[in-house]
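To keep things clear, I will list the structure first and then write my remarks on it.
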Amino acid sequence: MKNFVSMHAILLACSAGAGLAAITQGISEGTYSRIVEMATISQAAYANLCNIPSTITSAGKIYNAETDINGWVLRDDSRQEIITVFRGTGSDTNLQLDTNYTQAPFDTLPQCSGCAVHGGYYVGWISVKDQVEGLVQQQASQYPDYSLVITGHSLGASMAAITAAQLSATYNNITVYTFGEPRTGNQAYASYVDETFQATNPDATKFYRVTHTNDGIPNLPPTSQGYVHHGTEYWSVEPHGPQNMYLCLGDEVQCCEAQGGQGVNDAHVTYFGMASGACTW
């Protein structure tokens, strides 16, 4: 028995409270396929990009020894995309970043007025900012017609979100896919992401915040410390498929965050049947 409540119970709760409009069942086959493809790349980042599609090549490595932030800038010529992917937590050094909940002003993005982000992840961002911006600019200059895609899982998801917000000041063709993303910033930051990427409009969004059953990491850091999720949540329940994806508006509706998951659990490390770094897909 899965450790999350049935959708029937969820829909009943919503009809009695916030209303059925808060949750929509099902997404298109194309959107689902794209989400799974990005999950594959994000999970492969734990194992040096094992088993990623053959159309994707590496344009450069992202790495900082002090923070152990790892990632790559990739290029998919078949789709005309420049893809930035960040690895999730893979070391005690990363864990220290994870648990630094002190919010930091988002000073590198002055356009984001009043914005504050997760202190540990901001330290991570500062440590690789020049690398990321340099590699992306290099590729964007060589391939000006290519769009940008940014993705990651767990810590890598928050890194992807912060990176996307930062790069949005320079580029306007960014799409973001995050998996098991912790809460990454305050209300001002969440509102900035929502507006920039139309994250609350499923018909136009450029930001897909994907969760899985009772993944415990999206419950962290707690809202009591001023953290708020951005945008529409794309909640995946089992068995996996486009009709078992639910679009959940807002931060605290009855989807992933309401399922009682705590911290790193099975639902966090496995997305769409792919375990982080397992390379068995």
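FYI, residue positions are counted from 1 along the chain as it appears here.
Placement of Cβ uses the backbone N, Cα and C atoms for every residue, glycine included.
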Completion exercise
According to Swiss-Prot, the cysteine among Cys50, Cys112 that forms a disulfide bond with Cys279 is Cys50
Practice task
Measuring Cα to Cα, tell me the gap between His268 (substrate binding site) and Asn100 (N-linked glycosylation site) in whole angstrom.
Solution key: 20
Practice task
Taking only the Cα atoms, work out how far Cys255 (disulfide bond) lies from Asp98 (substrate binding site), in Å, as a whole number.
Solution key: 23
Fill in the blank from the handout: Tyr101 (substrate binding site), Cβ-centred 10 Å count of other Cβ atoms over all protein chains shown, is 16
Problem - Those residues of the chain, 6+ apart, with a Cβ under 8 Å from that of Asn173 (N-linked glycosylation site) - result: Ser147, Leu148
